[in-house]
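Okay, so here's the structure we're looking at.
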Amino acid sequence: MTPKLRSGRSGRPRLDASSDAVLSHDRRDQVRRAQKAYRLKKEAVFKNATARVEILEASMREAANEMISLDNAAGEAALHLSHPDTYARLQRVRGILTSIDSESIPATSESPKKAAALPAHQICNSGSEGYLNIPVPITTKEYTYSFQEPRFSRRLQRYCLEHAYRLFAESGSDSDPRDIYRVFRLVPCIRDRAKTQPRFLALLNGGRDDPLEVSSLPFYTVGGAGMHYPDVDGSGRVVYPGNRRVPGRILGILPTGDREKGSKELLEVCGLGGVWFDSRDVEGYLMQNGVDVQGGLFPVVNMRNTAGSYVFDVEGFFSRLVTGFVILGRAPGFRKTEVKKAFQESLQTAYPLTTSNQHTTMVLKDQIAVKPVKDHYVSVLPPTRMGDLANWAYGGNILAVAVSAAYATITLGHHLYSICGHFVRPASPSYKLICRVERIRDTRTFQTRHLRLYQNRPSGEQLCLIATADFHIEESAELVNYSARPREWTYPAGGETKTQSTSEPGLYRNIDPFMQVRVQTQPSNKGKDVPNIISAERFRINGPLPTEADQIAALSFYMDRGLAYIPANHAGRSLFDASACATLDFALRLASHRFDLGDWHTSEKRTCRAGGARALSEGRVFGGDGRLLASMTQETILRPKRESSRI
């Protein structure tokens, strides 16, 4: 008898091939059921593992994006200065998360879904880039060069081109495919990224006189775009956009018997129906509605048959329009209904100006006061403008609100001796200031606060100022004690106030009611070097300032007055010769907190150097005893005028 063969595995012994033994029907069913159960178990384990991997990948991407946002916020908050160890750890974690390569992560089912959702004219990244790459994101508050443009229509067109390029650069990553399709659906050449990107950059890198569109590309006059408010040349002839046509083949519109009617109906179907504007039409529409389109960031609106005064928020208007614009072949286009809606939402009630007969009612204490709201502080009133030449808020008002908010968090007995920071962007005089205060240091002798001032605008949160304020207790022991002294000046006699004489009427119109100023008799500056010229005046603040915080905040309010304009004035130039003049950063240092701004004080201002379109200025304030109370230095942007002023 032939012995049965045995395998090395446990279980039933295998039968020899020559054996007459046959498995029964029940046994075969049992084996099949066992095999099926094994396969189902393996498949369930695999599906469960795949689902788990997809969840982990999504969580990893979300964590990476949150970490990048946190790192950007830490950079804006200067965490590398206040908490360098924490900031270094944050950088290491970001490096770990952003170093994840898409090749090391299996593609999930989410990517094909995204790719399938792209319309026919959608832009897709190449397969080597993938959707799982973790890009370095562009911050939500991108800087724009549009306000360097001399004409309103060019500002709007550049603003839209910058937004379109960000969508183009981010396509396939964080951009919504629907936004990309909406903006670029009438630009078929956009699918060739290698050729399109350098042309795109060439338009954005062009100067103030360079074109913002490629004239060889067609301009699609959808809804009459470009035909409503056309330009007029020097001879009085109307100038319409060149190379214009109605989109047909690009949208798959076939010729019909009634071509005009058929095109309109198909444009409606394609979501391009109604009346459309180009950038020049938008400019003409605003001018027709009383907007001074060359009036800066917050021009005055002269509305007919309407009571009250209004200003127009240009940046808010732009940010509303970019959510629905379409590139009509070579230039952006806008629905008239969306332009009208954005215009109405961008109108703001002008903060009432004060006339000369209201001086007694103007109290600086209220203008610079703050009140606590939840975890931050809000100004009691919106910031005021400095005067007629500026459409944005006065920088001294912003700084004074920051000082008031910092003092609200300080232990009694600590006194401000330094506040330094940067003006990030112009503030609107139509919105209150909001200040977030971060406690950096709290010791027995020193306390430090980090301040971030912003405004809640229709376009979102707009950061205005970043500063660091340092406080110190009053110490009695001194190693040395001395002070600089003011020069001997001659001032107007009598009790009447003599306001500063400038070549720019109304320069300080809005802030003059808060103070009285007597200008020193200026000797001839002929032959003097500009850094040796000093402007001096005596001043005092109107109204009560009962607390130390009120006094210090009022001093910071005054010391910003005109300091940015000293470099131009001392060089014999008018502000009308400049296209941009604004403070970039500042440093205010106080020698004492014991003073009363209701008394007369002496102020001296000078410029130290200028060049490279920037200038450095210093202002000093001396008490009645001649000792130095405070010093402020400012770095100013000062660009020459080319075509139109932006002051």
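Backbone N, Cα and C atoms are what each Cβ position is placed from, and that goes for glycine too.
Among the residue ranges 46-73, 298-325, 410-437, 550-577, the one that TrEMBL annotates as coiled coil is 46-73. Per-residue pLDDT, averaged along the coiled coil (46-73), amounts to 83 for this model. Note: the domain 'Acyl-CoA thioesterase-like N-terminal HotDog' (384-472) comprises 13 helix, 46 strand, 30 coil (DSSP; helix = H, G, I, strand = E, B).
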